[in-house]
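Asks: Pulled the feature table from TrEMBL, pasting it below:
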DOMAIN    5-39  domain 'EGF-like'
DISULFID  Cys29-Cys38  disulfide bond
DOMAIN    300-554  domain 'ABC transporter'
TRANSMEM  736-756  transmembrane segment
TRANSMEM  768-788  transmembrane segment
TRANSMEM  808-834  transmembrane segment
TRANSMEM  846-869  transmembrane segment
TRANSMEM  875-896  transmembrane segment
TRANSMEM  936-956  transmembrane segment
TRANSMEM  962-984  transmembrane segment
Amino acid sequence: CPSCFNCMYPNSVCAHNATCNKFTGRCDCPSGWTGEDCLQPACLSPLDEGKRPMAKSSHCHQDTECRPGWGGWNCNMCLNDSVCDGLNPTNEGGRCYNGSELITNVVGQCTVGNKGLSRYLPDGVSPKMTFSCDRNSASCDAQFWISGKEAFYCNLDQCNISTWGTHSTASIDCQQMKCNCIPGRFLCGNYGLDISSVLNEVEGPVDIRCHKSGFSDCYIREFIVSKTLAAIIGDDAINMICSVGQCMHYSQLPSYQKIAHETNKSNMLFGVATALLTAIVSFRNISYTIPAQGPDSVSLKSLGIEPTTEALNSSNNFQSDINVLKEISGIVYPGQILAILGASGAGKSTLLDILSRREKCGTVSGKVLINNHDLISGITTEEFHRMSGYVDQQDLHVATATVYEAVMTSALLRLPRAMSKVAKNKRVCEVLTELGLWSVRNSKIGKNGARGISGGEMRRVSIACELVTSPSIIFLDEPTSGLDAYNAFVVMNTLSKLTRRYGRTVICTIHQPRTDIFSMFDQLIVLAAGQMCYSGPSSEIAGYLESIGHAVPDGYNVADFSVDLVQQATAVYTNMPQLSAETKSALPKVDATISTVDTDAATQDNMSSDGEWSPLLKSSQLSFTEENDKLPDSANVNVGLHMQVQSQSEKQFFINKANISLQQVLDSFIHSSHYRRIMKKLDIITGSSWTSTNFEMVCSAGMTPYTRPVTPIQQQYKILSSRIFRNLYRDPTLMLSNYALSLFIGLMCGILFYQLDSTVQGMQNRLGMLMFILAFYGFGSMTSLLVFSEERLLYLRERANAYYNPLAYFMAKVTYDLVPLRVIPPLLLTLIVYPMTGLSTTWTQFIKFLCTLVLFNLTVASQMFFIGLLAEELVVSNFLASIMLLFSLLFGGLILNKDSIPLIFKTMCRLSSFNLAYEALAINELRHAHIEEVRFGLKIQIPSASLISSFGFDLLAFWPDVLILCMVLAASLGLSLLWLTYVIKERR
């Protein structure tokens, strides 16, 4: 009887790197293997470890011996996400990752692709290879199979499996490799083939490379193996095509790790810290100035108002800069919302643009820190845009797209390239659910005249497009603008919940929030005329206003009261002009009495609640006696003095607001404990006092670089093309009208010019028909003016938010405007016109006619596209395009004889698309034709070449004309791309 298996004996070996249990003499098999020597594949799945049955044959059959969702020849490879839940401690959140990055333990099955091996194998025998690599142990195991039976196996140790090259190339470099033949198997003694001696010499190192995602297109190189293969089949590596699976928790997916592209260590550390964690945004002494445009165009004296000396000085000195913002400071922590409050023109959006690093025309001074890193010197534009999101006041989306498609497009363009489409789709679904948009995910967004989702839902779609990238900081410009009270509350309530739940930092501007919305704010900045009237916790502003003598009336909205207070101060004391004597005499007489106030009481009233002196005195009580309730017509000017009051308390409220100046409001806050407290916090954040330095000068002479998107440009092109094509077939009016008109014009020309003969009349009709067709497509190409103008604002917004490279957008727009609208219509017309009118019937001339017509259409359309880029207003672009086409038609060769054109204008002919195409078509049609005419009983034959030569056409200019048309097309497209890239950018 054979001896019993005992791994302690020299002749009993544990296969597949299994360990020998010295207490039992049995092998402790790795996952997926069983049997006393661990040579038999174990079936079912890794979830059944310890009770997995042995394969009925030499390997497990996926359909019958593996649990659903598991595959491979030992059922160790996951096939879908659900089967991985059981391998996580919480039994949920499992993901089956089939990408190229090794995260935990990858299991794969490969087909060996070396064709030379088939010569040495029996017919029908196909070599396979299975492998597994473990990141923690830095080791790999591989098995080589012939006809479904394992032939030999190898163990790889000391593997560097964390080196990942560019272009999606995964690399595994192992220092040691040991292989073992299985006696009696193919290549190990069976059929007389035995390579065990070669395998015994294999030691490593070994190099494994996979060039595409999912470990497909791989090869293995090892010195002995490569030498042997080169001698036998001429290959120096084992080539494989593999499929893999890795079970892990969804938080381990590469898509949940921000991919940074920093060029140095400090940038990399900051990028990781800000992308993965929360962000503290702090700023101090932010000021913004712009060059003055000139004196006021409206004369105050024409209104009967004499400007003050200060106003006159500022008007005359129109070369000095204008201060839009002055000394603004604030701080907001993760999980908080900072609201920038103020009336229209207070500088809210300007401050938001500076904090969000939008391009502005002017000079900015001060400091902005993100997690204690300077926004300008410590963070690149690319890094900052990756970690932040910006929601503009105006909602701009493709009208024909659904809610899901709009958010998914943002996800595909902006999420890391290593993130799978399945993971991106899951992220989109999560955001739609969080923002309450799941029920309308398949609804079209719509536009004016095409009903879609509501205004509140559209605003939430804009927010979703930014939230899908999981930004640390979210900027919103007037998020409630244009919404009714309920929808405004829904938007802000949703935003507030997400902020608290995920620790986002939110900064928004807002005009007039209602009370329940105001209660959601954590930090507040109140602006008036570009200056800071309050900065601090929103819950403390009511107490602050009371401390300076302006308590908020009961039942009054704190936000409304604050804005009214500072706005009234700004309007009355900053902008109040002096009245002329004539106007003063026309005003009604007002008897005003001022009640005296005890000095001690006044002094006590001017002490704030925290014992500090406040320069803002409480307003004196005034009583008005009006003799007239209406101004004379001659003095009907808005001087802000005529008001109606209903009660003494309301009267007192309005007068209190009217008798304060903006400077008093500003001084009150600067001398308050709130101001000192926020300055102290800002000093603590940086560890030292800040200095106000000029840190940015925008609108410089050089071109400002755009943020490089994370998605490869070819993928951007694919995504944008899909969006444009989807919009085209959902709104096919323009495309179908082009096709219909081409068919109609083709039929009309076929009827009117039916079977043209070779007479002079037929020659005239030929030339006239050719120019008519060119004019139809020339002026029809003006629809290309709309290719960009309709999406100009959307492009500016998406480019500023780093959605894509301008080249990808340009290629997609050109492709899906030129191909459907500029290539197919001329083809339809030519197929009708050519046989009906009796033009030259040779295939060569037919192809030349069609190609020339298509090239002309493409050239003029590209010129129209460039004009559409140049002019922002559609009216202006229409005018410019019409003028250009008319002059091009004038020098086209039919209206004006080319030989009679003055020399100075000859160049206009060579630049006229009409002339180039018309000359090429005429030469193609008439160069070898003859004119036959019967006059006075005589039959006269004249070569057509002599006739068209008399028109000034060059009979040898067909190919030069075509070449110049191609050059004009290339120049138009090139100029369009340069203009789109370097000129058309968002500037605020």
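Each Cβ is built from the backbone N, Cα and C atoms, and glycine gets one as well.
Just so you know, TrEMBL annotations are computer predictions that nobody has curated.
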Asks: CB neighbours of Cys29 (disulfide bond) within 10 A?
Replies: 22
Asks: Are there residues at least 6 beyond the ends of the transmembrane segment (768-788) whose Cβ is under 8 Å from a Cβ of it, and what are they?
Replies: 734, 738, 741, 745, 749, 752-753, 756, 795, 813, 817, 821-822, 825-826, 829, 833, 837, 853, 856-857, 860-865, 867-869, 874, 877-878, 881-882, 885, 888-889, 892, 894, 913-914, 917-918, 921-922, 925, 980
Asks: Between the transmembrane segment (962-984) and the stretches 736-756, 808-834, 875-896, 936-956, work out which stretch tops the count of Cβ pairs under 8 Å.
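Replies: Answer is 808-834, with the largest number of Cβ pairs below 8 Å.
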Asks: What stretch in 736-756, 846-869, 875-896 has the biggest tally of Cβ pairs under 8 Å against the transmembrane segment (936-956)?
Replies: 875-896
Asks: What is the total of other Cβ atoms whose distance to the Cβ of Cys38 (disulfide bond) is within 10 Å?
Replies: 23
Asks: According to DSSP, which kind of secondary structure is Cys29 (disulfide bond) found in, if we only use helix, strand and coil?
Replies: coil
Asks: Can you tell me whether DSSP puts Cys38 (disulfide bond) in helix, strand or coil?
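Replies: Where Cys38 (disulfide bond) sits, the three-state DSSP reduction gives coil.
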Asks: Could you pull the average pLDDT for the domain 'EGF-like' (5-39)?
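Replies: When the pLDDT values over the domain 'EGF-like' (5-39) are averaged, the result is 87.
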